[in-house]
Amino acid sequence: MSDEENAPVSKSAEPEQIEGDDNEQVVPENFDESTKRRQELEAKLERALKRPKIKRRKDEHDLTNDDDELIQILKQQMDTAAKQDAELIESETGVAMNKIQLLPKVRNILSKANLAEVILDNNLLAEVRQWLEPLPNASLPSYEIQKTLFAALLKLPINTNHLRESGIGKILLFYQKSKRVEPDIKRVADKLVSDWTRPIIGASDNYRDKRFSSVEFDAAKLKEKMNRPKKRLTEEEKKRREAEKSIYEQQAARRNRAAAPAPTVTDYKFAPKSRVDKNAMSITQAGVGSSLNRDDQFKRIKAKLSGRRAGGSKKGGISIEGRGTQGF
């Protein structure tokens, strides 16, 4: 065996061990304070996610301190990422990608149903609102951020207290009314605003409990309105209407051709007044053709047939000519 093989290994060749947590990352000294703080938060979040949970019985629903710590770390990371992106956009010195890089972790935590109460109790909705707010250059967050956060809001059991503490209702109203929002995001915003405002105004989610304002239809008034001469448009109104037309409609007008009408969403405020007299329906004599449903009508006919058979009617029952059916 050679002398090189028998030579002891120098201690300097071994990697230097740093006392402390094995999972803790060592941040080089040449990094700035914001980078150090961000990496420390990421290390804490990784440790919190990998930490084993305490097993509990099914009938117990206690929330551990580990979950609270996990949400608090995520809040700090989301706040830091949002502020760093805002600074990059204002200074125009780089690409704002901090929120995009943190988005998978945010999606992972928001998708866990067992953390829903902890998320709401620790007011993580405030950071969600911060991520959904328009950026300093008046642009909206990326579509992926909007899609992820709106999907999470649909699953969380948010009540009035959570809305008051987080202030997320105002940003939802902005997404509901903005014309720059994608249609699928706007639909989710409409649903969330409707669901959140219903308990506040005391409205029921049952369609049968909904009340509509009804108006009597006046045919004479409609005919008079149709025959009324149309008011001539001014040049400004003509230009405004021309500008509101789509490119397809403008091309059809230049070629002197008809354009297919664009679909519109109509919102009706009044329902036609019903002409059905409920009192007359209630006093209608019960029987065939009455307001009874088919099951009740069938039971009555069957009872009458059974009574006639018991009274000595023919074995053949009702004749095909209809004899003996005057009582029905």
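Cβ from N, Cα, C; glycine included.
No curator has checked TrEMBL annotations; they are predicted automatically.
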According to TrEMBL, which of these ranges is region 'Disordered': 43-68, 303-328?
303-328
Model confidence over the domain 'TFIIS N-terminal' (126-203), averaged pLDDT:
91
Per-state residue totals over the region 'Disordered' (226-266) - DSSP helix, strand, coil:
20 helix, 0 strand, 21 coil
Could you give me the DSSP helix, strand and coil counts for the domain 'TFIIS N-terminal' (126-203)?
56 helix, 0 strand, 22 coil
